[in-house]
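Asker: This is the structure I have questions about; it appears just below.
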Amino acid sequence: MTASLAAAAVFALLCVAGAVSTAVRTAGLIRAFPVEALLAVAALAVMLAAGVWVLRRIRPVRPPGAASSAAAVLWGAAAATGLALIANDALLSVWNVLLGVPAGTAWGPSLTAPLNEELLKLAGVVILAVAAPSALRGPVDGFILGALVGLGFQVVENALYALNTVVLQGATAGGVSVLVSLALRIVVTGAGSHWAMTAIAGTAVGLLAAARWRPGPRRAWAAGLLVLFAMALHGFFNAPVLSSLPGAVAKTAVVFTSALLVYLVVRAGYRRRVRNALEAEGAAVDLHRSDARELATRHGRRAALHRIPAPDRPTAARRQLRLLKAAERKAAEPPEAPR
């Protein structure tokens, strides 16, 4: 069995296990509050669709493949969430024993989530990189697929919190409880939640994948620091400090800004490599340097097609796609091995 097939088998098995774990733990809540559950699902379906569209759209040059995008969301929603429910219960109990119940209750989430949730989400990015090497070839792919994994996790977690809020508030106005919970977790903190943390950690996987899993010391350190940074952000986000609404907004801003800075760095590097590769590919087919570099953006490709007579545009679009694929393969070539 090849590594890709083995990774795909592990992916499927853990997604099923995670989905079963979540189903077992939520079946009673869904039976007790079916209307509230449907309301949460409907609202979160809109959030998921919007989030997937935005995250796929921000990948420079071309969006990621639909299959890899769906697989990333599935891992976050099924495997990572379900397995985290089991792991979190176990580790929270450990903190209660070690720290005492008051301190364990207060600090347990900020000590548990960075270890269990971030590593489980990150495992999905690694498995995807092994199962589909062409889908994750560098840091920008790791960022986007990591963000999609985190988004899947975030959606299911939001649903669980919404239903638990109904119970905590006495089920006297279930629909209102769901909407208030979702408003807080989508509007207030959604921009700096799981998608952002796992995007940062996923970038680390992209760094390693770009070096064919044989990184030099600098790349290995950078990858490790990115993972630790994502875990630290998660711990900060869950810590019992800045607990007011303005504090939650401040935490969200810190996490979002951190993810944005990582994205801007990897996007700039990727676009530069693709433009250079397009120059080389364009020269081979007598395409002017400026015309070749223009193909690195969606706007540039549309502008180039509009300058061509309408009957010839389908052929030109296919030629653009061939050049882009070749340039992206070239841009993803591993760096020279360290001496």
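Even glycines carry a Cβ here, placed using N, Cα and C.
No curator has checked TrEMBL annotations; they are predicted automatically.
Pulled from TrEMBL, these are the listed features:
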TRANSMEM  37-55  transmembrane segment
TRANSMEM  67-87  transmembrane segment
TRANSMEM  93-112  transmembrane segment
TRANSMEM  142-163  transmembrane segment
TRANSMEM  170-188  transmembrane segment
TRANSMEM  194-213  transmembrane segment
TRANSMEM  220-242  transmembrane segment
TRANSMEM  248-266  transmembrane segment
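Describe each of these features in terms of where it is and what it packs against.
Answerer: Beyond its flanks by at least six residues, the transmembrane segment (37-55) meets 29-30, 69, 73, 144, 147-148, 151-152, 155, 158-159, 162-163, 175, 178-179, 182, 186, 190, 195 of its own chain at Cβ-Cβ distances under 8 Å.
Within the same chain, residues 51, 55, 76, 117-118, 121-122, 125-126, 129, 133, 136-151, 153-154, 157, 219-220, 222-224, 226-227, 229-231, 233-234, 237, 255-256, 258-259, 262-263, 266, 332, 334-335 sit at least 6 positions outside the transmembrane segment (194-213) and bring their C-beta atoms closer than 8 Å to a C-beta of that stretch.
Residues 58, 138-140, 143, 147, 184, 188-193, 195-197, 199-200, 203, 206, 226, 229, 233, 236-237, 242 of the same chain lie 6+ residues outside the transmembrane segment (248-266) yet bring a C-beta within less than 8 angstroms of a C-beta in it.
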Asker: Would the transmembrane segment (220-242) count as touching the transmembrane segment (170-188), i.e. at least 3 C-beta pairs under 8 angstroms with sequence separation of 6+?
Answerer: no
Asker: Have the transmembrane segment (220-242) and the transmembrane segment (67-87) got at least three CB pairs under 8 Å, pairs 6 or more apart in sequence?
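Answerer: No, since the transmembrane segment (220-242) and the transmembrane segment (67-87) share fewer than 3 Cβ pairs closer than 8 Å, they do not count as touching.
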